[in-house]
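First the structure, in the form of structure tokens, and then the observations on it.
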Amino acid sequence: MTVLIGQLFTGVSIGAVLLLIALGLALTFGQMGVINMAHGEFIMAGAYTTYVLQQVITAAGWSLLIALPVAFVVAGAMGVLLEILLIRRLYARPLDTLLVTWGVSLILQQLARDIFGSPNVQTRAPELLTGNIGLPGGITVANNRLFILALAGSAVVALTVALRVTPLGRRIRAVVQNRDLAAVSGIATTRVDRMTFFIGSGLAGIAGVALTLLGPIGPTMGTNLIIDAFLVVVVGGIGQLKGTVIVAFALGVLQATGEYLTTLSVAKVMVFIAIVAFLQWRPQGLFTLRTRSLA
Amino acid sequence: MTTVARDPVAAADPAPAPPTRPAAGPSRHRYRAAAGFAFGAALLFAVAPLVLSDFRLSLLAKYLCVAMVAVGIGLAWGRGGMLTLGQGVFFGLGGYAMAMHLKLADAGPGNMPDFMLLYGQLDELPLWWRPFASPWFALPATVLLPMAVAFVLGSLVFRRRVRGAYFAILSQALAAAMVILLIGQQGTTGGTNGLTDIQGFFGYDLDDPVNQRMVYFIIAGTLLALLALARHLTQCRYGELLVAVRDSEERVRFLGYDPATVKLVAYVVAAGMAGLAGALFVPAVGIISPALIGIVPSIEFVIGVAVGGRATLLGPVLGAVAVVWARTALSERFPGTWTYLQGLLFVVVVAFLPGGLASLIGLARRRDDGEPRPGLLRRLRLRRREGAA
């Protein structure tokens, strides 16, 4: 029983990381149909922001707290820059966007190598987040994992509230549901697109800050995570956050269970097969707003 | 909207059905293609071996293997619109099948490959290695195994109309899963190192430059054969259908075809080509490893195709060779610069020159011809009507 709950928590914490990364993707992919492969490098930018801030502010707790908004803005600004310079021109060709942003991600990785060096760097975690909490029943839970879970939870809540309540959120939802109708209703869709890209990329920055608690920071840290996150979006369906949330945790738990029963590598293959099987059942993803359109 | 408006007009006035190809077309096309093939064969079989040193020739052999993968991607992506970011998987399946056979042949009958003894986890050859001892199993497997995997994945995915970016991501995830699996099963797959140090190729010593030359000739010949196959597939009726599926899948469905099958054929053929390329890559280079087949190499296969011109026959080949050559030339001396350049290539070519370098030539040619060809769907409809009449 203890083992079971422990594994469940491992799965949930893997899911929380996936969720943080996939939220931003779901937003940009859902609204604009844009596959941003450089999203992984925005994660990296967030992580390096934390690292740089810790060089300036040595108190680990404070630097982490300050890093959260700063990384959001840094990664968000990078996203907006990318949108203005390249993606804007490619809305009609989503597959090509994928390749173009892959090129951008190569450039950003090399930039990180040239600035910070190719070896990984490490941040110090604040003392509060290094220990474990013992729960009744002999279960121990790592503090940093708990923090990431809380962070992912608050990101979901904040995003949901923002989408439901604020005027910007209303506009975003309108554009997702029907871009043309939103445009003729007087919504400046290009400006909404840009804001969406800012928020989505900013969330990647926050994910980057969270990842500094789990491991080293390196130029290629984003590449390994991005595919799993994309799978979450594909399976979760676009246009609604709840699909992303459910699938992120489901994949996390599946991964952890598979890893526990077999090995990491077999678990990855199992997850892939499960996804293909799932798409047989619901090719459009778990929840989706739009019906399959006739192209 | 315009096409919908045009339909009734076309139906009411079927009289001036333009010939599907210019009258002098087929023979002229065939003549030109034959001349092109002869020129390519002369270049590959006569000029290159005379001009290039043994070292350069073996490098060229490696590039030509990449070019074979590119021919397949040109078919699946350029013609069929399926952006496959996982061709490394099929390249790897072919490569590993060949390498397993060659390793077993090197070790001699009844012996285990050297790396298995090194890791020392196994007492005897694992069951799934055993069939690869026979060349009659291993050689067909280099092509059929990738095709089978592509068939299973493709028929599951295309039938459920998973396409576009969704398909691209799935194909990439397949590459990721395959690499992790290979690395994880180190005892039986060689892990990160892969299968290395392959000495012999069906009784020929691969260290001998003469035999390396032979391998080069096999590769060059295979590439030409694959080009001929790709040309045939794109020129025949199926090729037009494939392009139609790329441009408007739903309309093709409404015309009574099954787009899933059309796409599946191109995807499976592309996988077979990649498998063959992997199989020939092994004797040419002497190694196959996860680093050669993962996400990054898989996407690098695609960039060569994009640079050359995805929807053309020769574009993918020339683009792939050019990109791999540039990487070898630059990455040794300026590794950082090459990464920037590669990134820029992706951005500039795909964003601003989606037809690749071939489109620069294509633009000039269209201006010479003057008359634009009728749209593809229109041509298909006309042809179907001819068939019915």
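Cβ coordinates come from backbone N, Cα and C, glycine included.
TrEMBL lists B:1-14 with the feature compositional bias 'Low complexity'. Taken from TrEMBL, the feature region 'Disordered' applies to B:1-27. What TrEMBL lists as transmembrane segment is B:31-51, B:57-77, B:84-102, B:136-158, B:165-184, B:214-233, B:254-274, B:280-299, B:311-328, B:340-363.
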Query raised in the report: So are the transmembrane segment (B:214-233) and the transmembrane segment (B:311-328) touching or not, going by 3+ C-beta pairs under 8 A with a sequence gap of 6 or more?
Result: yes
Query raised in the report: Taking 3+ C-beta pairs under 8 angstroms (sequence gap of 6 or more) as contact, is the transmembrane segment (B:165-184) in contact with the transmembrane segment (B:84-102)?
Result: yes
Query raised in the report: Between the transmembrane segment (B:84-102) and the transmembrane segment (B:254-274), do 3 or more CB pairs sit under 8 angstroms, pairs being 6 or more residues apart?
Result: yes
Requested in this report: Please figure out which one of B:136-158, B:280-299, B:311-328 racks up the most CB pairs under 8 Å against the transmembrane segment (B:84-102).
Outcome: B:280-299
Query raised in the report: Out of B:57-77, B:136-158, B:280-299, which stretch has the largest tally of CB pairs under 8 angstroms to the transmembrane segment (B:311-328)?
Result: B:57-77
Query raised in the report: What same-chain residues lie close to the transmembrane segment (B:136-158): Cβ under 8 Å, and 6 or more beyond its ends?
Result: 89-91, 93-95, 97-98, 100-101, 167, 170-171, 174, 259-260, 263-264, 267-272, 274-276, 278-279
Query raised in the report: In the same chain, which residue numbers or ranges, 6 or more beyond the ends of the transmembrane segment (B:57-77), come under 8 angstroms Cβ to Cβ?
Result: 44, 48-49, 83-84, 87, 91, 212-213, 215-216, 219-220, 222-223, 226-227, 230, 233-234, 242, 266-267, 269-274, 276-278, 280-281, 284-285, 301-302, 304-305, 308, 310-313, 315-317, 319-321, 324-325, 328
